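So that you can see what the record holds, here are the features copied from Swiss-Prot:
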{"type": "BINDING", "residues": "171, 172, 173, 174, 175, 176, 177, 178", "note": "ATP binding site"}
{"type": "SITE", "residues": "375", "note": "site 'Required for activity'"}
């Protein structure tokens, strides 16, 4: 017997089904790839694309929109582009490039997109943040008044660096720029400063050596290594610095201190020049595009010391009464010591000072090869440890006078007593400023060495024995005055009691003759 359906039941059933249907409309702008070459794709039809927007291409490949023209968009592919073809569909995403940030990145080696490349598995819990961000405004900034100890006597005494400062390390190839940066990272082991090391356009073997050295010195646990090797595309080398900065800002925004090293921005500028020329942008001086200054200024301005109010506002009241900082140490490689080239002068004008490393000093065995005459720190003086600031005042003058007199003494046959003493003091100061790699020195030991040379205790020590004397002096104080050394390292203060103790025990050590 056939069942008959009641018309009212049919209408009720249709009504129920209609109510259950979920319609979602997603508006996405689509275009067509018209050409692919050298990592650059030209796309016709993406009328609503935004500057810096992520463009989705086939096989989960993404490109970054950089040129917005009347009928087409020029985008740079992030990753491999061999599989892309003319006629492929390209879609806008409405998002700008983001990278993972968070504490789970510490101790890891990642690429420019934040993907781990160290073979240690996936990252732990992370958030994401855009690679491009507006730097903190004037109102949210605080003055730099806390030091970043590099562990180098010559830097901490003459060219001090403060938390939130931008200090350029500049010099020819093979003058110890990377060595100085890595030693600074190693020196932060017990300071609580988180470090980000961005390797731009370097050999994979060099980066592997750096990671190994950080591991050997127990410094990888507080460091994120962002690697954009020489074999990677210009786009990833260009992006890597901004990605590393975003990872460092995560700590600054939450009331912590971070240090970022860009090694080096010369190669980033070359990568950006390559992208710009391929995008047919008009070249300027040295074939760089017109906005190469903005390339570095918008990156380095993100390094800052931010106020308690900024941190409290960013964390929505979770963190109160703490300031955050991001200290930047950009590295620039010069050609034959020419600091007046385009990119070096740009970065010198953006930063708060520069440490100039000289080939002649390096070859003469004076390492770190810091040229005290043209190296300067514009804001670090106010952040210098009290004891180092008090004792190191005469060091820079002694060195400058020594260099001047040494040049003059080559032409003079006989020298008066004062000049001869200045030359001998200068020789000992120069010798004392030498320091081997991976031998970070504490504040107390730096103060001890500077006090000894400033007060003339090394004047009767042969120049070739100065470093041996220094080593013995540090060991003597460590064995007999451990409490005093700890006190200086913890407080950084200077008073008459410390001076009396220094004087007494240096004289005592000299009488032993055990160096």
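Cβ coordinates are placed from backbone N, Cα and C, and glycine is handled just like the others.
Features as recorded by Swiss-Prot, highlighted on the structure.
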| residue | record | Cβ within 10 Å |
| --- | --- | --- |
| 171 | ATP binding site | 27 |
| 172 | ATP binding site | 18 |
| 173 | ATP binding site | 11 |
| 174 | ATP binding site | 12 |
| 175 | ATP binding site | 26 |
| 176 | ATP binding site | 18 |
| 177 | ATP binding site | 25 |
| 178 | ATP binding site | 20 |
| 375 | site 'Required for activity' | 22 |
Could you state the CA-to-CA distance between residue 171 (ATP binding site) and residue 375 (site 'Required for activity') to the nearest Å?
11
Just to verify a number: CA distance, residue 172 (ATP binding site) to residue 375 (site 'Required for activity'), in angstrom, no decimals.
15
Could you state the CA-to-CA distance between residue 178 (ATP binding site) and residue 375 (site 'Required for activity') to the nearest Å?
17
Need the DSSP three-state call for residue 174 (ATP binding site) to compare against my parser.
coil
Hey, how far is residue 177 (ATP binding site) from residue 375 (site 'Required for activity'), Cα to Cα, in Å?
14
Residues flanking the ATP site, with Cβ no more than 8 Å from the Cβ centroid of 171, 172, 173, 174, 175, 176, 177, 178 and excluding those residues themselves:
333, 357, 359, 362
Would you kindly give the Cα-Cα distance separating residue 375 (site 'Required for activity') and residue 176 (ATP binding site), rounded to the nearest Å?
15
State the Cα to Cα distance, in Å, between residue 173 (ATP binding site) and residue 375 (site 'Required for activity'), rounded to an integer.
17
C-alpha of residue 375 (site 'Required for activity') to C-alpha of residue 175 (ATP binding site): distance in Å?
15
